[in-house]
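These notes are about the structure you will find just below.
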Amino acid sequence: GQTNLKSPQDIQVYVVNTNFTLRWKYTGNDTNVTFSAEYRFEDFMTDGTEWKELPGCQKVTHMECDFSSAITEYYDKHHVRLRAERREEVSPWSSVFEMTPYDIAQISAPGIELQSINGVIKIKVSPPEANQVKKMWIDDLSFKYNLVIWENSSNAEFRNQSIFPTDIIDGLAPDTTYCLKVQATHPWEAKEGLFSPVHCVKTTRKAVNDLFCATNVSVLALNMKFHLHWNNRYKQHVSYNVQYLIGYLKKYYDDYSVKWLNVPGCENITDTQCNFSSIITTASGIFYLRVQAMNEYNKPCLSSEVKVDPLVTNEIGPPGVKVDISDVLLHIQIYPPGGSESEVMSNHYDLSYRVLYWKNSSNNEEEIKMKEIKQTIGTISDLTPSTLYCVKVQAFSKAYNKSGHFSKEECIETPGDKILPLIILATFVTALIAVLLVAAPLGFALYQAYSKIKYVFFPSCQPPLNIEGFGGQLFNSPCLSTTEEPIENCFIIETIITEELNQTDFKDYKHSKQSSRDSGNYSNDDDTSGSKVSEETLEKEIV
């Protein structure tokens, strides 16, 4: 069981499409040594199969072998091992190399065909596994192609560009030899293939375009309304047909030149513009447009093509803005771009809004403030009273890194400051209350003093009649009363009267009572009643 043969080292497997190559290194000095390999693979039902001889890699003398015919399952894990052999003597097995074919596979170089015509190079690319029965890459349409082209000179500059399977390379100098190579890539798998062999071709001179050909073809798009514009240098009659091609047709390897269609409403027109919004039925697709000019002799001329990616080409218009003011807030109502058809823009773009606002004053250094909002209703606080504020709004899409046009400026003045009038009113009310608190006791005290003085010096009480005229003399003593003295009702009846008193004296007595006053404790009512009683008694006795 002992052997002097060494095991192979550095086992590697190289996969290009479905072509498998096993390579290794051998450090022994032995002669007449051959190498044999075994393999096994794992699938989803078993942990692994038994080791088998690897077809194409048995008793080989070189340090590589092709075993493409042995591998049919490209997504299963495979194990490979190798040993050296010399007659009956064998080395220990090498370390096991583990691989999944699809993961380590490389994309082969594509095939290319070139044609130099009218100052441009037409190129046709065939997929890496064209005309092969066994394929590692199932979908040829998933490939994209990268072109590298340069002038065949000592100081060449390399130019890289993406191309379709059938494409035109323009922008080249006439009568110049260009060399190029093409590489296939698989974006979904992040794989880059091998470059094709270098091909060189010489350009021709470009024929002079007829004057009636459309030039400077361009697209103007606003709020999903698309217009194509071009220039006309021809002075005679000329008509135009605007044609379009759906973008995905260029991904096919077939000739798409017969698949151009006329834009409805843009056939046999004489204007140098056309509204082609009707063909933009899906915002996610790519379209190509060109203008076919026809002179009076029905000779056609095709313009250069323009690419339209609707959501990228389209420009976002200005939104509608309405502003209103409250006590402390500026309210902004935003209407999405597009006016009555703003739903179209809202459906295709996830719009946000950039609000700019500033104080409209003579000071040019006033700071312009910005606020970004997602909704179509916004508010601005921290406003200065009695100040004119101006606002303008811009719609933008973060997903497409696209900003629209600003709206017209809308200005509105904030109301005056209500704090100062409130302070003045509060001050007035406080002062009024303070005056009332001081004036009320003072007024009450003055009124009490006035009442006392009037009561003492100008009393309103009257003495009874019998006291006023007693003895024919006036009784002028003042009427004094205190709240502590009890008030008594007294009646004085005169019983001793001489018969000689005549009616004339009685009348004089009644007249003289009006000027007399008494200081007794009588009220006016008591005086009156007492007087009436005395008068009636006197009259009876006289009679």
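Keep in mind that glycine also has a Cβ here, set from the backbone N, Cα and C atoms.
Automated prediction, rather than curation, is the source of TrEMBL annotations.
TrEMBL annotations:
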DOMAIN    7-104  domain 'Fibronectin type-III'
DOMAIN    315-417  domain 'Fibronectin type-III'
TRANSMEM  419-447  transmembrane segment
REGION    508-543  region 'Disordered'
COMPBIAS  533-543  compositional bias 'Basic and acidic residues'
Structural state census, the domain 'Fibronectin type-III' (315-417) (DSSP three-state): 10 helix, 49 strand, 44 coil
Arithmetic mean of per-residue pLDDT over the domain 'Fibronectin type-III' (315-417): 88
Residue distribution over DSSP helix, strand and coil in the domain 'Fibronectin type-III' (7-104): 7 helix, 45 strand, 46 coil
